[in-house]
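Engineer: So TrEMBL lists these for the protein:
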- 2-183: domain 'GMPS ATP-PPase' (DOMAIN)
- 28, 29, 30, 31, 32, 33, 34: ATP binding site (BINDING)
Ligand code: XMP
């Protein structure tokens, strides 16, 4: 439990004391970076430049949501969709995909940091990230990792003593919208890890629409730890009177405590049938819907 009424003014003072000149933060729309952006904005106002990079691999409506919530800040929205998708052409291997997305993110962020003449960087590192990195368990290369070629005067990590549930408490206390406070995890490489094989514009469009449908049908009613759709490949179907070769969409809904292990949720048949009928009905190129019942382990939560 964090005492938000003490934590918030202290964090704002800490940022005020350390930040010099223009200070940037990569805003992803997740709860960690959102909380840091609000704290920093209260501390240094327009000297904070939140940078949101539209990778083309974000959820449906994400860019508009960010504009709506953070529009009163000195927000920079960078449309880098083509650059990300071009850099993914021909890449089929999951790790290579992650690398391509991560590297493109760092390059774009770096260019913007130089352009706005940023002197300081704010990062949304939380306590478990710090422990895992310090202990060498895993390095935390969230997409949006540290720009490598820029020397910042200060790197400020305002929430690095908090656990995730404490960050959510602070988010509530800062009056961030409920959908941000309680947001389920979204992978750094975005929708690219929900596409088997090469990432193409067509597959991204299908998976984005399918994700939106799955979230609409499951989030509020079933409160899964995480739920989403993935595009697996193509299969035969019938639409109208025609046989089509359309996309096979997988639906995933899991319960979990921390993402380390997970159980597939036992969803009612009616719900699954409705999702199937919406995906194949609303996405012209989708022919088939399957529900993934595999726990983690042996599967992972994401598909790649
Ligand atoms: P897996 O698929 O490994 O995922 O069972 C466990 C949790 O981590 C998220 N995830 C990622 N988050 N960068 C991230 O920031 C990544 O590359 C990444 N891969 C998976 C996943 O959504 C799940 O919540």
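Placed from the backbone N, Cα and C atoms, the Cβ positions cover glycine too.
Note that the structure is a prediction, hence the values are computed from the model and not measured.
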Engineer: For residue 28 (ATP binding site), just count the other CB atoms lying within 10 A of its CB, please.
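Structural biologist: The answer is 24 other Cβ atoms.
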Engineer: Fewest other C-beta atoms within 10 angstroms of its own C-beta: which of the binding-site residues 30, 31, 32, 33 fits that?
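Structural biologist: 30, out of the binding-site residues 30, 31, 32, 33, has the fewest neighbouring Cβ atoms within 10 Å.
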Engineer: Cβ distance under 8 Å to residue 34 (ATP binding site), same chain, sequence separation 6 or more: which residues?
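Structural biologist: When sequence neighbours closer than 6 are ignored, residue 34 (ATP binding site) has 27, 69, 70, 171, 176, 180 within Cβ distance under 8 Å.
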Engineer: Using Cβ atoms only, which residues of the same chain lie under 8 Å from residue 29 (ATP binding site) while being at least 6 residues apart in sequence?
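Structural biologist: Residue 29 (ATP binding site) has long-range Cβ partners 52, 58, 62, 65, 66, 180, 183, 186.
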Engineer: What is the set of residues, excluding 28, 29, 30, 31, 32, 33, 34, whose C-beta falls within 8 angstroms of the centroid of the C-beta atoms at the ATP site?
Structural biologist: 27, 35, 124, 180, 183
Engineer: Roughly where does the domain 'GMPS ATP-PPase' (2-183) sit in mean pLDDT, to the nearest integer?
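Structural biologist: Over the domain 'GMPS ATP-PPase' (2-183), the predicted model scores a mean pLDDT of 92.
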Engineer: Return one of helix, strand or coil for residue 29 (ATP binding site), based on DSSP.
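Structural biologist: Coil, per DSSP.
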Engineer: In three-state terms from DSSP, label residue 34 (ATP binding site) for me.
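Structural biologist: SS state of residue 34 (ATP binding site) = helix.
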